[in-house]
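Peer 1: Would you mind keeping the following structure in view while I ask a few things?
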Amino acid sequence: MEEIEEGSSNNSIRRVGTGSSDRRWVDGSEVDSETPLFSEIRDRDYSFGNLRRRLMKKPKRADSLDVEAMEIAGSHGHNLKDLSLLTTLGIAFQTLGVVYGDMGTSPLYVFSDVFSKVPIRSEVDVLGALSLVIYTIAVIPLAKYVFVVLKANDNGEGGTFALYSLICRYAKVNKLPNQQPADEQISSFRLKLPTPELERALGIKEALETKGYLKTLLLLLVLMGTSMIIGDGILTPAMSVMSAMSGLQGEVKGFGTNALVMSSIVILVALFSIQRFGTGKVGFLFAPVLALWFFSLGAIGIYNLLKYDFTVIRALNPFYIVLFFNKNSKQAWSALGGCVLCITGAEAMFADLGHFSVRSIQMAFTCVVFPCLLLAYMGQAAYLTKHPEASARIFYDSVPKSLFWPVFVIATLAAMIASQAMISATFSCVKQAMALGCFPRLKIIHTSKKRIGQIYIPVINWFLMIMCILVVSIFRSTTHIANAYGIAEVGVMMVSTVLVTLVMLLIWQTNIFLALCFPLIFGSVETIYLLAVLTKILEGGWVPLVFATFFLTVMYIWNYGSVLKYQSEVRERISMDFMRELGSTLGTIRIPGIGLLYNELVQGIPSIFGQFLLTLPAIHSTIIFVCIKYVPVPVVPQEERFLFRRVCPKDYHMFRCIARYGYKDVRKEDSRVFEQLLIESLEKFLRCEALEDALESTLNDFDPDRVSVASDTYTDDLMAPLIHRAKRSEPEQELDSEVLPSSSVGSSMEEDPALEYELAALREATDSGLTYLLAHGDVRAKKNSIFVKKLVINYFYAFLRRNCRAGAANLTVPHMNILQAGMTYMV
């Protein structure tokens, strides 16, 4: 890597001045036809020597097959709405292995935890606890998620960040001010805006956009939900594996607590150690194993109902809940913390929506998961009416003796699959947070060439493993882990309730009565459960709160520092007046080649460009300001990836390229492919720009009423991204042919010397090579900042920047073609 490490002072930055955002681009400066090409300049007596070798790197030609390989099938969105019934059934079967593993393993420990707090003294205790479990599953997973929350998806994507991005599209609540009107041209972005007739929706939108504290509260809410999901990634493996292994305590002599802890740790280490290989090779086994597990639960439940006490179906009467609380009072309130464990993993129904479809998840839950879980809990309750002393290990005691070992093996596999699903969900959640600028940059490894969603984040993986081992080693009991588990689960559910309510009011424009019923009903139930689990803070409930606080702090500091850094870059932009004073030579020598200057600005010229002009003795003939931008949509179609604009007059040969990605997009294209696509799209932009100029000159001879229609058509076309442009509709083409004779436009295009000059200059610069110009920046708080801001920026944010992935590695650019300049941002 070749670097120019120059410590940039504020003075050197100010020398290039600041400019008004109203003059971002200057168009209309005609190219002087007498100006020679760079090849002609090269023949003169200029000796560039080592300088040219440093600034120019010859790129390898990209194979066209590589370009076609980037067109990933299905990356344009979810085409799962009109699937046949048979296909939907197949997808529903697959959801069993990914979505419902966590909820499916809950019968291992729910009643054990409930009756550790409420001793069984009579039949009312068993029926009351069973009734609580039944209606908890019916209200939260069935009524809330299946019938309401799943519909609040973002183009088929679910989860906390999907809801946040959906809200960001309807109201400008993103704290990073890099939104552009052109983003709304993305096919997956375009949605129906709140209608003017509904003043309520517009009022909420205006309040969210104008009041900074509401933006901050919304961001904190989303980050809290994300932190709780990461906490689930720690607690789910520990809880599931320990619960499955606890079956050996009563079956194998000498298998005590120490053996349980050690065996659980061994399985956890093995589970996290194989993450780097991905789940593609064994993923096909997940659904069959979980299907076998669910049908085993249902079969064992039916067996126990028929053998012990079929009358426990009386628990379908909710009056037994009232009797349960009247009889046990405070102990019953404490038992709610164990009851909530029956819906662990309910959030996965929404978070994993992107891999399946709404209909398939609904079908799997209503037809398989829900009835099998009810039968399992009813069967355990029937067994407890005859054997109340077996509450400590009710699941394995209720299994027929002859089936113990087969069920134990299936339970262990189901626990590992449930843990795997939560670990994968944590990886995906962290990746989405990184894409939206809320998490430090980390190395992401894609473990599958066929499925773009399978990723592996080494730092997060080993962190989760260490935390799981600590949780198992410290608590040594599923009862104490359950106290922590409940807080994390309820916290995530309450966040989704608030966000879905906001979606109802802002986007769906639901009737105000129905919209308020949602938080009143489900929010009240979740609040009751939250108050119940919070009473267990001293008994293990503090663990998820510590994890959530830690990750919330990290994510908010990173977002806060990133926003301040972006605002500093906006303030220090180079003015257009200064660029005009420099002239087309930019006050230095322009040599053949293309300089790709990476920056975060979507408007204006970044101050780091002035630093390169001061530092380098020459600059490339073509400069492209490249901005990698994540927009609040799941995926951006490949043909809509690049957006080009011209910067400065034409003879400057400077452009802005915004490469747009969704928060679910995978940036793993080869640098050569990226370069080829970028150059191709730039050529198309130049041709479209010349076409627009030709149209403007031709339209002057036509009727204004007819011209305005055609002008709008072409203007919309030019505003769209320029790779593999979709063909316009036939009516539009017919209209254009009526208004504008194709012969006149075509002849003017062919005879345009300015276009031929620019294309020749671009091809010559491409042949000379591409160089990546990067900023190696440091962020510091201003001297007059308050103490807290200095502490956060100069120490915490600086620590995160030093230890996160470097910009060059994160941008996936070739290291041999890099020039870096140092710079300090004062915020």
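In case you wondered, yes, glycine gets a Cβ from its N, Cα and C as well.
Quick paste from Swiss-Prot:
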type: TOPO_DOM; residues: 1-82; note: topological domain 'Cytoplasmic'
type: REGION; residues: 1-31; note: region 'Disordered'
type: TRANSMEM; residues: 83-103; note: transmembrane segment
type: TOPO_DOM; residues: 104-129; note: topological domain 'Extracellular'
type: TRANSMEM; residues: 130-150; note: transmembrane segment
type: TOPO_DOM; residues: 151-216; note: topological domain 'Cytoplasmic'
type: TRANSMEM; residues: 217-237; note: transmembrane segment
type: TOPO_DOM; residues: 238-253; note: topological domain 'Extracellular'
type: TRANSMEM; residues: 254-274; note: transmembrane segment
type: TOPO_DOM; residues: 275-281; note: topological domain 'Cytoplasmic'
type: TRANSMEM; residues: 282-302; note: transmembrane segment
type: TOPO_DOM; residues: 303-335; note: topological domain 'Extracellular'
type: TRANSMEM; residues: 336-356; note: transmembrane segment
type: TOPO_DOM; residues: 357-363; note: topological domain 'Cytoplasmic'
type: TRANSMEM; residues: 364-384; note: transmembrane segment
type: TOPO_DOM; residues: 385-402; note: topological domain 'Extracellular'
type: TRANSMEM; residues: 403-423; note: transmembrane segment
type: TOPO_DOM; residues: 424-454; note: topological domain 'Cytoplasmic'
type: TRANSMEM; residues: 455-475; note: transmembrane segment
type: TOPO_DOM; residues: 476-480; note: topological domain 'Extracellular'
type: TRANSMEM; residues: 481-501; note: transmembrane segment
type: TRANSMEM; residues: 502-522; note: transmembrane segment
type: TOPO_DOM; residues: 523-536; note: topological domain 'Extracellular'
type: TRANSMEM; residues: 537-557; note: transmembrane segment
type: TOPO_DOM; residues: 558-827; note: topological domain 'Cytoplasmic'
type: REGION; residues: 728-750; note: region 'Disordered'
type: COMPBIAS; residues: 738-748; note: compositional bias 'Low complexity'
Peer 1: Limited to the topological domain 'Extracellular' (303-335), I'd like the whole-number average of pLDDT.
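Peer 2: A mean pLDDT of 90 is what the predicted model shows over the topological domain 'Extracellular' (303-335).
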Peer 1: Can you tell me which recorded stretch out of 217-237, 364-384, 455-475, 481-501, 502-522 has the most Cβ pairs within less than 8 Å of the transmembrane segment (537-557)?
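Peer 2: Maximum Cβ contact count belongs to 217-237.
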Peer 1: With the transmembrane segment (254-274) as the reference, find which of 217-237, 282-302, 455-475 contributes the most Cβ pairs under 8 Å.
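Peer 2: The stretch with the most close Cβ contacts to the transmembrane segment (254-274) is 455-475.
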Peer 1: Could you name the stretch, out of 130-150, 217-237, 282-302, with the greatest number of CB pairs under 8 A to the transmembrane segment (336-356)?
Peer 2: 130-150
Peer 1: What is the three-state DSSP composition of the topological domain 'Extracellular' (238-253), stated as helix, strand and coil residue counts?
Peer 2: 11 helix, 0 strand, 5 coil
Peer 1: So, does the transmembrane segment (130-150) come close enough to the transmembrane segment (364-384) to give 3+ Cβ pairs below 8 Å, pairs being at least 6 apart in sequence?
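Peer 2: Judged by the Cβ rule, the two regions touch, with the required three close pairs present.
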Peer 1: Which listed stretch (130-150, 217-237, 455-475, 502-522) has the most C-beta pairs under 8 A with the transmembrane segment (403-423)?
Peer 2: 217-237
Peer 1: Do any residues of this chain, six or more beyond the ends of the transmembrane segment (217-237), have a C-beta under 8 angstroms from a C-beta of it, and if so which?
Peer 2: 102, 160-161, 163-164, 167, 173, 175, 208, 268, 271, 344-345, 347, 351, 418-419, 422-423, 425-426, 429-430, 433, 438, 464, 467-468, 471, 481, 484-485, 488-489, 491-492, 495-496, 498-499, 502, 543-544, 547-552, 555-556, 559
Peer 1: For the topological domain 'Extracellular' (523-536), give me same-chain residues lying six or more residues beyond its boundaries with a C-beta closer than 8 angstroms to one of its C-beta atoms, as numbers and ranges.
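Peer 2: Residues 136, 139-140, 333-334, 336-337, 339-340, 483, 486-487, 490-491, 493-494, 497-498, 501 contact the topological domain 'Extracellular' (523-536) from elsewhere in the chain.
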Peer 1: Which sequence-distant residues neighbour the topological domain 'Extracellular' (104-129)? Criterion: at least 6 residues beyond either end, Cβ under 8 Å.
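Peer 2: Sequence-distant neighbours of the topological domain 'Extracellular' (104-129): 96, 239-240, 243-244, 246, 290, 293-294, 297, 312, 314-315, 320-321, 323-325, 327-328, 331-332, 334-335, 337-339, 341-345, 369, 372-373, 376-377, 380-381, 384-385, 388, 391-395, 411, 414-415, 418, 478-479, 482.
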